[in-house]
């Protein structure tokens, strides 16, 4: 073939490709039933053309004079082909200078294009922070994040906000914390100096504060550990748990530098042993009051408190006066499974929930650790409270003028019910808010909270009012085992007075109760709107004869309700211990709220699906308040229904279903691992575990049954087995709680072999 012929062929092929490409581009266009035209004659001429040619005149195009938009009366709304004949007829009109059929144009927002969440940061443990990004690898897991990333993408990262962690010290020279360390938010109350550095020991006992601070303020993009929720905030440490704690010390740390510190995060409290009743002393209480009145230049300090880890001990955080305070935001935990973890306590004062550790195989929380190290094993409500504090720091950066009560309202109004809806105990109160004794108003949603706090739209809540309701003629009433005292409390909520209340916030029932066995008491309060709240559930380990002395039982479950009407209080003992006796000596009902409805509550709260992908696991029927345990699943056997027993050995002040057939292979591997601990030959890493150890299935299930039988636990101070669960959780596949419980199960199996 000659050079000329080859050149002609190449040219022809190129022209053909160009023609194909041009037609391909045209084919991709979506033409719409709209024509733009330039008509110098103005609106009268445009109207005449429309009438003559079969168009509807849609009007002038923006501010362009003599440019009009038309819609043809007999043409489809969208088409892949242009209507050239219609365009030609319009453009051929002498009154039209130019005409063109409109088509869809693809446009992209010119924001910074972001990689996947996994690639946002170079910190090595970022991809393990499952609670900040949806990293689930299993379809059965619910959506797992606190919606923090959308807030960061707005440029809100905690700048200008100061948080102090009240704990056992802070390793402030840690390379993932140092850049955000604030010495003005720090003090050592154990050694009375300005250096909160923790005391090192062989077991790293004082790691707690550093871990909590890291969750809040770990530096981003520094190739170290992970990323803090408010990674540009300033963080300080108060060292106070590594020594003697007094009321004076607590008052000093709660009121430390309130003009500088915005948020105080505390992951500790009285002993979570299921038998302690204790709250702030006189001085600490005054420090709380001073903080909310004078802190942050009068806007009020934000106090965040972990709700407690006494679940296994059958504890109830209504007996903890720190989480039960109207001045604190009490935060509970949810596991990676979206369930209430084994250590979580139930009470009517919990405001909201954050993520933390759960069952033995669940992921835990990532943070900084002692000796400039990192950890992925931070646990308990200790880990939940700092996450909440970080989210509140984001809100304060967005709106520094938020008051302490604004923050509580924001939490109530934006926390999510949907991701935790698989759990029992949810109820809708008289104001239309979903609430639960385990989770408060639900899982924190950082984006929703920050969006609502936008200073351009947020209206600060009205002035706080307090109305006290009591019966001056009340005579002490006797209570015995299997008995109940019912008190009807009619109230007009101080109507007509300066302190009248029409919209509730906190409700306190202050009482003095003398009783021979305090832990057998059950207290329920029903509001005028019909919301029933358990103020105190039974605590099997609480054998104290001391009762309650002017104790404030606090509830947030009636938030937003109108209190006018008759309230009903029930105090009962259904233990069957016939020797029990006592009396209700005094009581008063304290209503906290506002005389007018807050602006954001004038429209009802609308709940939307948090996780549309993972709704197939839903199916929880409506149940009564979680404190009034009622099984919600069919087919519960007697042992499962009865499994609410006392718990085991006390813990410190820090707030660190049987399927049919064979046990799961994962369960058997865990058991085999535990069996191997006492045999050196089986500990060799070179010998992989067999798929299924030789454990008779009937023994396996018998051991599980024994773990859940109340008869094995009654009056036992040293029990390790109590899961503090109701019938609902007993129908779930059994999950190991920790190494001690695993070993206990193994020991039971060995007894039979």
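Placement of Cβ uses the backbone N, Cα and C atoms for every residue, glycine included.
According to Swiss-Prot, the protein carries these features:
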| type | residues | note |
| --- | --- | --- |
| ACT_SITE | 167 | active site, charge relay system |
| ACT_SITE | 208 | active site, charge relay system |
| ACT_SITE | 382 | active site, charge relay system |
| DISULFID | 225-374 | disulfide bond |
| DISULFID | 317-347 | disulfide bond |
| DISULFID | 467-494 | disulfide bond |
| DOMAIN | 129-450 | domain 'Peptidase S8' |
| DOMAIN | 460-597 | domain 'P/Homo B' |
| CARBOHYD | 173 | N-linked glycosylation site |
| CARBOHYD | 401 | N-linked glycosylation site |
| REGION | 617-657 | region 'Disordered' |
| REGION | 676-695 | region 'Disordered' |
| SIGNAL | 1-27 | signal peptide |
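Locations of recorded Swiss-Prot features on the structure.
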residue: 173; record: N-linked glycosylation site; contacts (Cβ under 8 Å, 6+ apart): 181, 197, 372
residue: 225; record: disulfide bond; contacts (Cβ under 8 Å, 6+ apart): 123, 124, 125, 176, 214, 218, 366, 367, 368, 374
residue: 317; record: disulfide bond; contacts (Cβ under 8 Å, 6+ apart): 307, 308, 310, 323, 324, 330, 345, 346, 347, 349, 350
residue: 401; record: N-linked glycosylation site; contacts (Cβ under 8 Å, 6+ apart): 299, 455, 460
residue: 467; record: disulfide bond; contacts (Cβ under 8 Å, 6+ apart): 491, 493, 494, 497, 499, 500, 501, 563, 590, 591, 593
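Between the C-alpha atoms of residue 208 (active site, charge relay system) and residue 382 (active site, charge relay system), the distance comes to 8 Å. The two recorded residues, residue 382 (active site, charge relay system) and residue 167 (active site, charge relay system), have Cα atoms 10 Å apart. Taken residue by residue with DSSP, residue 401 (N-linked glycosylation site) is part of neither helix nor strand, so it is coil. Here the domain 'P/Homo B' (460-597) is broken down by DSSP into helix, strand and coil counts: 3 helix, 72 strand, 63 coil. The DSSP secondary structure for residue 317 (disulfide bond) is helix. For the disulfide-bonded residues 347, 374, 494, the greatest number of Cβ atoms within 10 Å around a candidate Cβ is found at 347. The average pLDDT computed over the domain 'P/Homo B' (460-597) stands at 97.
Working note on the active-site residues 167, 208: by count of other C-beta atoms within 10 Å of each C-beta, 167 ranks first. According to its DSSP assignment, residue 208 (active site, charge relay system) is helical. Annotation note: residue 382 (active site, charge relay system) sits in a helical segment as assigned by DSSP. Residue 382 (active site, charge relay system) counts 28 other C-beta atoms within 10 Å of its own C-beta, drawing on all protein chains shown.
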